[in-house]
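J.: For reference, the structure I am asking about is given below.
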Amino acid sequence: MSGAALGLEIVFVFFLALFLLHRYGDFKKQHRLVIVGTLLAWYLCFLIVFILPLDVSTTIYNRCKHAAANSSPPESSNITGLYATATPVPSQHPCFKPWSYIPDGIMPIFWRVVYWTSQFLTWILLPFMQSYARSGGFSITGKIKTALIENAIYYGTYLLIFGAFLIYVAVNPHLHLEWNQLQTIGIAAANTWGLFLLVLLLGYGLVEIPRSYWNGAKKGYLLMKTYFKAAKLMTEKADAEETLEDVMEEVRKVNESIKYNHPLRKCVDTILKKCPVEYQEKMGRNMDDYEDFDEKRNAYPSEKSLVKLHKQVIYSVQRHRRTQVQWQILLEQAFYLEDVAKNETSGTCQFVHTFQSPEPENRFIQYFYNPTIEWYWECLLRPWFYRILAVVLSIFSVIVVWSECTFFSTTPVLSLFAVFIQLAEKTYNYIYIEIACFLSIFFLSICVYSTVFRIRVFNYYYLASHHQTDAYSLLFSGMLFCRLTPPLCLNFLGLTHMDSSISHQNTQPTAYTSIMGSMKVLSFIADGFYIYYPMLVVILCIATYFSLGTRCLNLLGFQQFMGDNDMTSDLVDEGKELIRREKRKRQRQEEGENRRREWKERYGHSREDSTRNRNVHIDPKESNFSDISTNRSSKYTRSNNRNERDRIELLQDAEPLDFNAETFTDDPLESESGRYQPGGRYLSMSRSRIFDDV
């Protein structure tokens, strides 16, 4: 099993990252480089979280092995271990390899590749790809130029910070500039920035995640919150539609002004391809490609304005599509929650849906999740399950807050994470160590990553499920994950006292902390910021518990869901009316479809039978006569239609026409027995001149 656990987790984490990216991204419409960059960033961050418990168990085994070698009998005393001050191993607990043991030399190389790849992504590649994806340029060179200009200030800022660290090290007479120390300074700068943001997100997630499950168990809470979301989403949806109409109007004007032989026509065609299909058809219908752009002295837009318009089209179309999909999903969620509220008072113990699912369910799901089981789960079991889960998560949150405030104390050990790991280390129960480490770091990761998925910075950063996240937000999330994961893992190792800089013991460090270097180069960060700044999580948890951030956003005009607010009540009532209106509309549609289906089932077969009987009882002579007359009429009709088509085709090929009539039709064959007018229109003969040709 040596190295097998590492390989299994590498494969599992890859499919986990791929599944999450498929849920939020769109593999068909988004650029492949955006998908690959985001997938690689998510994959590396998730991989660090899953592999770190294996590193901890392997390190504990190596400590045991070195301690056993140092406490050997006198005749073998010439064997000196690297860590001679380690605690001797009791004889009743011999060292044995854990099932997930990773051979020496693999983990340092693995962590070095993973860490520096993630840092290259978050500080260099992903910001450049973010500006490239957001650019409205029409060529690769133009997009690269725009991305470099936008990132010049970004890169300059971080170079200034790194230069400040270099000056500090150069001025200090006790330090000498070496490559390892420069590497440590860069790692310290990146981890300091990440830890600053990590504590903010962690303080929010430690309170909000247990509270969300506790509120989810309350009757009517989720339904009221869904009504509130419906009112806000309808406002956003209307704003997105209005913005799209304005942008499409600008595109229409540009499309009419720039003709087929204009040098910028290719740019206009690129913009038209990004527009919705219905707008493309409207713009292409009134297009006149035969008019030269030099015939009229019009003010044509510049390439820079077209780049700006292209960027607006991409943004407005993406936002409009996202709001449409989110509205449909929110409607389904609201209808289902209303069904849950109705079924809670029913005594049949059968869950009844108001609307059937448009997609057919799997037979396996229908068999094991029948209406009876669904009623017991939704109406009885799920509220209690959410309450129990909220209590368990609250206990974890209290443990994390306590450990963050006391992890620097080594005598006595006050951090509960360190206590659990040290108890397991005494008995060398590697499975318990790995499970405890995995649950601890997994809970910390959920608190941090879920906040990244929840936060929304206006319309610039927003992770929307069901394939509705744009490229800019996907790349930005990858940047955040790569910056938050290394300080998160260092913070976890500090909570468990596996970091020698925290435990102040001369023991073998983990392979992950060994690549970070010694933080003694920057003592004010290692002994100050890394230890005392995480204590601010207590203040952030208190602020989140009393919803101080939500109240501040309400005061600034950003409506947030609060039960004791008049604005919230108004929006809930508005959302309830919107859901009721959509529900009536869908009910009318289903009733109409049911009536048409019943009418077809009732009268469709009888009509077919009567038609068959009528054809059987027709006189043979009459049928022969009708066939002959039909053949004759069809013969003359075909010849007339052929001549008519030839005449129309000749008229079409004669000269380019200016179709400006209101009654113009796309198919010229629709105008039967029409006359050609000089204005380019085919008009049917009027009643007053019906006998002019007689």
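Backbone N, Cα and C define each Cβ position, glycine as well.
Copied straight from TrEMBL:
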| type | residues | note |
| --- | --- | --- |
| COILED | 230-257 | coiled coil |
| COMPBIAS | 588-624 | compositional bias 'Basic and acidic residues' |
| COMPBIAS | 625-640 | compositional bias 'Polar residues' |
| REGION | 582-646 | region 'Disordered' |
| REGION | 660-681 | region 'Disordered' |
| TRANSMEM | 6-21 | transmembrane segment |
| TRANSMEM | 33-52 | transmembrane segment |
| TRANSMEM | 109-132 | transmembrane segment |
| TRANSMEM | 152-171 | transmembrane segment |
| TRANSMEM | 183-207 | transmembrane segment |
| TRANSMEM | 384-401 | transmembrane segment |
| TRANSMEM | 431-452 | transmembrane segment |
| TRANSMEM | 472-493 | transmembrane segment |
| TRANSMEM | 529-548 | transmembrane segment |
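Give me the lay of the land around each of these features.
T.: Across the coiled coil (230-257), the prediction's mean pLDDT works out to 93.
Outside the transmembrane segment (6-21), and at least 6 residues removed from its termini, the chain residues within Cβ reach (under 8 Å) are 35, 38-39, 42-43, 46-47, 50-51, 54, 100, 102, 106, 110, 474.
Using a Cβ-Cβ cut-off under 8 Å and counting only residues 6 or more beyond its ends in the same chain, the transmembrane segment (33-52) has close neighbours at 6, 9-10, 12-14, 16-18, 20-21, 25, 27, 110, 114-115, 117-118, 121-122, 125-126, 129, 133, 437-438, 441-442, 445, 471, 474-475, 477-479, 481-482, 484-486, 488-489, 492-493, 512.
Remote same-chain partners of the transmembrane segment (183-207), defined as residues 6 or more beyond its termini with a Cβ less than 8 Å from a stretch Cβ, comprise 119, 123, 161-162, 165-166, 169, 397, 400-401, 444, 446-448, 450-452, 480, 483-488, 490-491, 516-519, 521-522, 525, 529-530, 533-534, 536-537, 539-541, 543-545, 549.
Counting residues 6+ beyond its ends, the transmembrane segment (431-452) has Cβ neighbours under 8 Å at 49-50, 52-54, 56-57, 60, 98-100, 198, 201-202, 204-206, 208-209, 393, 396-397, 400, 417, 420-421, 424-425, 463, 477, 480-481, 484, 488-489, 491-492, 495-496 in the same chain.
For the transmembrane segment (472-493), the list of distant contacts is 21, 24-25, 30, 34, 37-38, 40-42, 44-45, 48-49, 52, 56, 115, 118-119, 121-122, 126-127, 129-130, 133-134, 187, 190-191, 193-195, 197-198, 201, 404, 417, 437, 440-441, 444-445, 448-449, 452-453, 460-464, 499, 502, 510, 512-513, 516, 530, 534: same-chain residues at least six beyond its ends, Cβ to Cβ under 8 Å.
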J.: How about long-range neighbours of the transmembrane segment (384-401): same chain, 6 or more residues beyond its ends, C-beta under 8 Å?
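T.: Sequence-distant neighbours of the transmembrane segment (384-401): 202, 206-207, 209-211, 213-214, 216-217, 416-417, 443-444, 447, 495, 537-538, 541.
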